[in-house]
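Following: one structure in structure tokens, then a few remarks.
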Amino acid sequence: MTLYGAATTLATLGFPLAVKTGFVAVFIMRVLQGIATSLSFPATGVIPAQWSTVKSTGTFMAIISCALQFCNIFTMPVSGFLCESSLGWPSVFYLQGVLSAIAFTTFFFFYKDDPSKHRNVSPVELQKISLGKQGQKKEAIPFRAIITDPCILGVWLAASGGNLGFQVFLIYGPTYINKVTNPRVAQVAYTTAIVFSGINIVGAIKSAQLVSRQYAHFVMAVIAFLLCLIIFLVPVAVNVVCPDNTPEQWSNLFLGVSILVVVANIPFLFVASNDPAPWTGNKVHGAPAEKVDSAEIEDLRKDSTSSDPSSWTDSKTHPVPPLKLDGVEVEDLQRDSTQQS
């Protein structure tokens, strides 16, 4: 992903020069810039699956998903200011290119795909991250099961509706405000940033990750593909519905988009779930769970209160601190053991 980030950074820095060169150069730069966006959605599914605990998955998803909103809060006002300054519009791309380089360089030095390979992850933290994921197997993606799952289909439909509304305002919000209300450029940028800050589809995205678990990257990749289709289709729709940029034409466009967003989200209300799907192999849906008898539960209770490092050993006799379990987790183990009996 760092390599793609480098390509995106160079494309952003070189965009002002591409504008002077011609259409072909601009097209190539835009394609390279879009690579990072296409990867961001699968990463939203992969990173929480690898790095978060089962209970904190929602928090991870929320934080990562906020990037789409926070980037507009920063970019829109700053771009408006730079465009009206003596630096001109090219400075927007130079600034974003530098910030992109810093972000991807930081990502390269700090991120690892596997928590067990990260030098700053302690054994205790690794055990907590792994808790509840033992039932997830690394195997071929069950494409048929995923694309026929009602919840996943509802997620894709809801995400498409949300992305449609988001992209219409993201791409053409400034055009509408500028052509219809005719304010200053800086005010357009500021107003656009405030509006976009509340637009999100976190609910559907979170459900997708919770349901698909280790296959979340595929589900998110489909969402990214649908987003790309929407980005291609939105300009066509706007040109057809709003050829003259009149208030009436824009009202019709917004009304139509609003109806589509609502309709696209209705099925999700009936099929939404937060449980892992059967095709993930998770024990919640009947895969054989690891049996834990009462003696092992008592050992866990003792380990969670033990402070003697001499007792911290694994099968290879390497010191490993015990995993501290709270009362709820121990109760879960007891309940699983009882149900299995």
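Even glycines carry a Cβ here, placed using N, Cα and C.
Among the features that TrEMBL reports, compositional bias 'Basic and acidic residues' is placed at 288-305.
The feature domain 'Major facilitator superfamily (MFS) profile' is assigned by TrEMBL to 1-341.
Look at TrEMBL and you will find 282-341 tagged as region 'Disordered'.
For 59-81 (among others), the entry in TrEMBL reads transmembrane segment.
Among the features that TrEMBL reports, transmembrane segment is placed at 93-111 (among others). Beyond its flanks by at least six residues, the transmembrane segment (93-111) meets 1-2, 5-6, 8-10, 12-13, 15-16, 36, 75, 78, 82 of its own chain at Cβ-Cβ distances under 8 Å.
Within its own chain, the transmembrane segment (151-173) is flanked in space by residues 68, 72, 192, 195-196, 199-201, 203-205, 207-208, 211-212, 219, 222-223, 226-227, 230-231, 234-235, 238, 253-254, 257-258, 260-265, 267-268, 270-273, 277, which lie at least six positions past its ends and keep a Cβ under 8 Å from the stretch. Per TrEMBL, transmembrane segment is recorded for 151-173 (among others).
Feature annotation from TrEMBL assigns transmembrane segment to 185-205 (among others).
Long-range Cβ contacts of the transmembrane segment (217-238) within its own chain (Cβ-Cβ under 8 Å, at least 6 residues beyond either end) map to 34, 37-46, 49, 141, 143, 146, 152, 155-156, 159-160, 163-164, 167-168, 171-172, 205, 208-209, 253. Taken from TrEMBL, the feature transmembrane segment applies to 217-238 (among others).
Under the heading transmembrane segment, TrEMBL lists 250-272 (among others).
Beyond its flanks by at least six residues, the transmembrane segment (250-272) meets 150-151, 153-155, 157-158, 160-162, 164-165, 168, 176, 180, 203-204, 207, 237-238, 241-242 of its own chain at Cβ-Cβ distances under 8 Å.
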